[in-house]
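Worksheet: one structure, shown below.
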Amino acid sequence: MHKLVTHKQKTVQQHVCEICEKVFLSKSNLIKHVRIHTGEKPHKCDLCGASFPQLSALNVHLKRHTGDRRYKCDDCGKKFTLNSGLKAHMMIHTGEKPFKCDVCDKSFRQKVALKTHSYTHCDDKPFKCNVCDKSFSQIANLTAHKRTHTGEKPFECHVCNKSFNQLGNLQNHLRIHKKKKDFNCDVCNKKFRQKGHLKLHMSKYH
């Protein structure tokens, strides 16, 4: 005689984003997703001060400092840490722009660029500045805007300590230092553009 076995249906817990109502199966994925709305970037590079929403993105960034760039462009010789970076770069040479806006037909090389562009068509701007009443579709843009009122400059140049209110402005500024090699190793006299690179060199070779 066979026993009748009843199986209880397993309940899958769902985690819902309170901002856009997107559903996730794990709480950790929800937390990562919410950072898109809040602009939070808790993972910071100790070498240059750049911040990232995810640890994996920071790890990819760190490879740029260590010089681990194994993927090379055959057209211009530029090297990349990831194959995906090389593929995205190759579109500059080919002119390929596979990501197309459904509203205005404008095309982009990267999906993230299309996503950023799509907000220009969005009428919903729920994030409002309490100082000047200007509204934004993303909280990250509101956060950046508020710095024009507060004078806050959280992005500091690790070379000369000059500060900026936006990461893009810091990145443009860093190009000034790019050709300079101001940090010398006292042991072998090798020169470096960044203090962090000198520290890395000292710990590795001396």
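Even glycines carry a Cβ here, placed using N, Cα and C.
Keep in mind that this is a model prediction, so the values were computed, not measured.
Pulled from TrEMBL, these are the features on record:
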- 15-42: domain 'C2H2-type' (DOMAIN)
- 43-70: domain 'C2H2-type' (DOMAIN)
- 71-98: domain 'C2H2-type' (DOMAIN)
- 99-126: domain 'C2H2-type' (DOMAIN)
- 127-154: domain 'C2H2-type' (DOMAIN)
- 155-182: domain 'C2H2-type' (DOMAIN)
- 183-206: domain 'C2H2-type' (DOMAIN)
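Most Cβ pairs within less than 8 Å of the domain 'C2H2-type' (43-70), among stretches 99-126, 127-154, 155-182, 183-206, belong to 183-206.
In this chain, the domain 'C2H2-type' (183-206) lies out of contact with the domain 'C2H2-type' (15-42); the count of Cβ pairs under 8 Å, excluding pairs fewer than 6 apart in sequence, is fewer than 3. Among residues of the same chain six or more beyond the domain 'C2H2-type' (71-98), those with a C-beta under 8 A of the stretch's C-beta atoms are 60, 63-64, 107-110. Listed as Cβ neighbours of the domain 'C2H2-type' (183-206) (distance under 8 Å, sequence separation of 6 or more from its ends, same chain) are residues 46-48, 65-66, 158-159, 177. Across the domain 'C2H2-type' (127-154), the prediction's mean pLDDT works out to 86.
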